[in-house]
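According to TrEMBL, the protein carries these features:
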{"type": "DOMAIN", "residues": "15-167", "note": "domain 'Sugar phosphate transporter'"}
{"type": "TRANSMEM", "residues": "34-55", "note": "transmembrane segment"}
{"type": "TRANSMEM", "residues": "67-87", "note": "transmembrane segment"}
{"type": "TRANSMEM", "residues": "122-139", "note": "transmembrane segment"}
{"type": "TRANSMEM", "residues": "145-164", "note": "transmembrane segment"}
{"type": "TRANSMEM", "residues": "179-198", "note": "transmembrane segment"}
{"type": "TRANSMEM", "residues": "248-267", "note": "transmembrane segment"}
{"type": "TRANSMEM", "residues": "279-298", "note": "transmembrane segment"}
{"type": "TRANSMEM", "residues": "310-330", "note": "transmembrane segment"}
Amino acid sequence: MAYPTWALIIGSILSSVALVVVNKQIFTRGFTHVFTLSTFHFVWTAGLLHIMARVFKLFEVKRVSMLHNLLVASFGVGSICLMNFSLKLNSVGFYQMMKLCIVPCCLLLNAVRYDEYPTRKVVGALVLVLIGVGIATVTDVQLNLLGSVFGVAAVLVTAQYQIWQGRKQKEWGMSSQELALSVSTYQIGVGAVLAIIFEGQDLLLKPQGSDWEHLDDPLDPNKGIAANLRDGASAAAAAVTSDGSDEAVSLTMLILLSCLLAVSVNVHSFALIGKTSAVTFQVVGHGKTCLILASGYMMHISEGNPIEELYRNIFGVVVALSGVILYSNLKITPATSKDICDKCLPHFMLRLVSSRENEKVGSF
């Protein structure tokens, strides 16, 4: 069943924000093993999609070569792993800056590998988005060699994986659900191997509730951005009963909820990228970031705190949202109709941003 793009965007935003909140609660309660949790996510994604395909016949189970599947699956798990190491080895500011680099990296890979280029209008909109989010989020940029290597690797692997999420659907003749099922099945094995290598000893030797709660979050894609969510997660964790068995049940329920939300995130990401592009998916993510920031600013102001200290951040959000709105308008306006640039820009500026007739333009 084909869903409209706006529904996929809303579903992607809601499920990803909810997943961040739930994972924060899980990490706050002492379970900090991101590879193990990610493997649980892959198991649930593959399991539920298998049920949908084999029991309810909602789509087919299609086969491609193990090598191709394993390559895409490894990039997917590698994206999580490398982003995780990038966050642990770098300052939050440098981590956020690396996340911003995924968009230009997607454009570069599409140009070099597939000879496809965005229009100048799209480039202008993306520049606004990246500058705005950068102003609002990037602060304490601190460089180190090892962290920089992991940061660059995370950007390259993530960009290629998200491009494949869209291209492999067309190349292999699969729907988004069929590709998600095919890839997630192999991600279970890759994730399990990494969980054993990096977390096996801790899982066997460290009891729950020991010193785990003093560790930094190993993976929070919105750390530094979703700080307003941290308080809510901590408060929820503090409300847990002191009875050990009840706390274990509560943690188990949170992990199950995290798995269900991860299924939604995976399905929505494959569907959205397949219907639009990896760049659009990144723009949606930055738009989500702006909404989270804006809600945090409103909470900050409503508590009686001075607005002056937020001027820089608010300016960044306004610039970024302007870019998101412009990009959205360019995406939904038919090629035969006038977009917002055609209607608002003076003629001399319009000539600068208009693409030449002989330029090969891809879907961005």
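For all residues, glycine too, the Cβ spot is worked out from N, Cα and C.
If you average pLDDT over the domain 'Sugar phosphate transporter' (15-167) in this model, you get 92. Packing against the transmembrane segment (310-330) from elsewhere in the chain are residues 119, 121-122, 124-137, 280, 283, 286-287, 289-290, 293-294, 297, 300-301, 339-341: each is 6 or more residues past its ends and has a CB under 8 Å from a CB in it.
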